[in-house]
Amino acid sequence: MATVELRNLRKTYLHEEIIKGVSLVIAEREFIVFVGPSGCGKSTLLRMIAGLEDISAGDLLIDGQRVNDTEPARRGLAMVFQSYALYPHMNVYRNMEFSLRLAGMPEAERRQRIGDVARILQLDPYLDHKPGQLSGGQRQRVAIGRAIVRNPRVFLFDEPLSNLDAALRGQMRVELASLHRRLGATTIYVTHDQVEAMTMADRIVVLNKGVVEQIGTPLELYHRPRNLFVARFMGSPPMNLLPVTINAQIPEGSVQVRTETLSVSIPTQQTGLEAGAPATLGIRPEHIRIDPQGAVQGVIEISERLGAVTLLHVRLPDGQMIVVQTGGDNADRADTPIRMTFEEEHCHLFDADGMALARSTDHPLLAGA
Amino acid sequence: MARTSTHMRHAAITVLAWGIALWMFFPILWMVLTGFKSEPDAISTPPHFFFSPTISSYQDVFARENYWHFATNSVVISAMATVVALLVSVPAAYAMAFLPGPRTRMTLLWMLSTRMLPSVGVLVPIYLLARATGLLDSRTGLIVIYMLTNLPITVWMLYTFFREVPVAILEAGRMDGATRWQEVTQVLMPLALPGIASTGLLSLILCWNETFWSLNLTSSIAAPLTTFIASFSSPEGLFFAKLSAASTLAVAPIMVFGWVSQKQLVRGLTFGAVK
């Protein structure tokens, strides 16, 4: 297994810079997820690592060796494509054998390897089937098998689950995670689905317009978003964001912000905040409590009952909509006026440039991180 | 009610389709029939649908010209021109489909535009070139000309077929360690084989039917079947039965060939249009 290092990688295409200097060190056995909206450059970055796209500037190192100009196959990587990209004219066995045959591996060894991989992925009964005769999930498994047989130093996945239906996607997510634990392979995984990113990653790289917005563990990104983009992107339903005005800095590490109708004191280590400056208050739906004595009032517009939890879409007096997550047994209906409390220690504050202000409290799971 | 009208419409379409098919087929049928008539029957007005068939025209044709000589030329020239055209156009279409540059589209259109020029427009230069290089009345000369005139069509067709192959499959091949050559021969070609086959078939048919260059650049040694037909055409429509017999002999091989391969051809010609 291997380490991968990206040093200020850049990609220019037709005079337009798509990847604007990405630096990252990926440790051995690490599961890294590139996540971001479509067009953010995550697939391009993966393809640059794979060798399918030229690197315009910067260095790519695998195990400390610069591989910018090395042929894809010689980089020791294996890739699973979004469309699976199986060879339709070859059966499952031949699909997995292709790379081994090209590498000149003896027949007996090939048979042995493919047998082992087929067993892990439960593909034995389908070895003589053509890809066209397989279901989506089975094709996916063949694509993974084709990557595994090569015993690569690094696995690359390009949105591998996006063509599967929701139930199968959940199942494959678990299978991929356990496969990663079993093989212990360094893995780079691209997705636009933040649930996949949260559940599988050791570390997540959030990309936006070719720039890294934040790198961190799933919980770091969730609880300590560095800016508004990450705050918006991670979490479902997304964080509530309200434009506010800084009211006053209270000396002992907290700041008071207000809108026309509400006022909240947020603990922060940031100093030198100017009264009257615009800012954005962020609070996740699960950190708003329904509280008859609460300071914030609103009217329920829609109540989405998901069973385990209920999401209340609440209109504040100034017309802003927020989402409040409550228990599944909440009985409130639409048009009911309610009162709420924002859990202050869980509030995020972003300055006019969208950057998060330093927090003074932290999530217990992140202590020491 | 609705059901009856659907039935009526189907019936009408069927009748119309048969009508058009027969209308298009009629000249060929007439040619075959005329080949079995005596010369007076062949030119009689009104035309005779019923007559006592004779093979005397065929006997005359075989007596006057060596059919097999022309037929061999047709087969060799068409096959060679097609093979060379494919050898040139597969790499060309690969480059255009998978490694397009800013001028690829223009190059393709320019290639196609050369087909719009009437052949006679370049007759003199081509004739002079052929004479200077000693390729007049040689199979090689016709093979080169046929190959070149068909290249725009074969490149275009292959380009269209290759574009249907998902790029990711070729990239998977590259990731698996395939060289460019292995990528083309072991991944792309097997996938595009139906397309390559229909392109080859079309090229064969076009070469077989090509008349202009064969008449102008060959006389006897390298003359294909189109020249063979022309040698039976005489002014004032004399010897109509013999001309018909010769024509039947010339088109029969390619018709049988087209019949056998029609499934492949139809698939090839409608590829991309119907999915």
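The backbone N, Cα and C atoms fix where each Cβ goes, and this holds for glycine too.
Those TrEMBL annotations? Automatic predictions, nothing curated.
Marked as transmembrane segment by TrEMBL: B:12-33 (among others).
Sequence annotations record features per position, and here TrEMBL assigns domain 'ABC transmembrane type-1' to B:71-261.
The transmembrane segment annotation in TrEMBL covers B:75-96 (among others). Counting residues 6+ beyond its ends, the transmembrane segment (B:75-96) has Cβ neighbours under 8 Å at 104, 107-108, 139, 142-143, 146-147, 150-151, 154-155, 158-159, 161-162, 184, 188-189, 196, 199-200, 203-204, 207-208, 222, 224, 253 in the same chain.
Annotated transmembrane segment per TrEMBL: B:108-130 (among others), in sequence order. Within its own chain, the transmembrane segment (B:108-130) is flanked in space by residues 96, 136, 141, 145, 149, 151-153, 155-156, 159, 212-213, 216-217, which lie at least six positions past its ends and keep a Cβ under 8 Å from the stretch.
What TrEMBL records for B:142-162 (among others) is transmembrane segment.
Among the features that TrEMBL reports, transmembrane segment is placed at B:183-206 (among others).
Same-chain residues lying 6 or more positions outside the transmembrane segment (B:239-260) and placing a CB less than 8 Å from one of its CB atoms are 28, 31-39, 41-43, 57-58, 60-61, 65, 67, 70-71, 74-75, 201, 204-205, 208-209, 225-226, 228-229, 231-233. Among the features that TrEMBL reports, transmembrane segment is placed at B:239-260 (among others).
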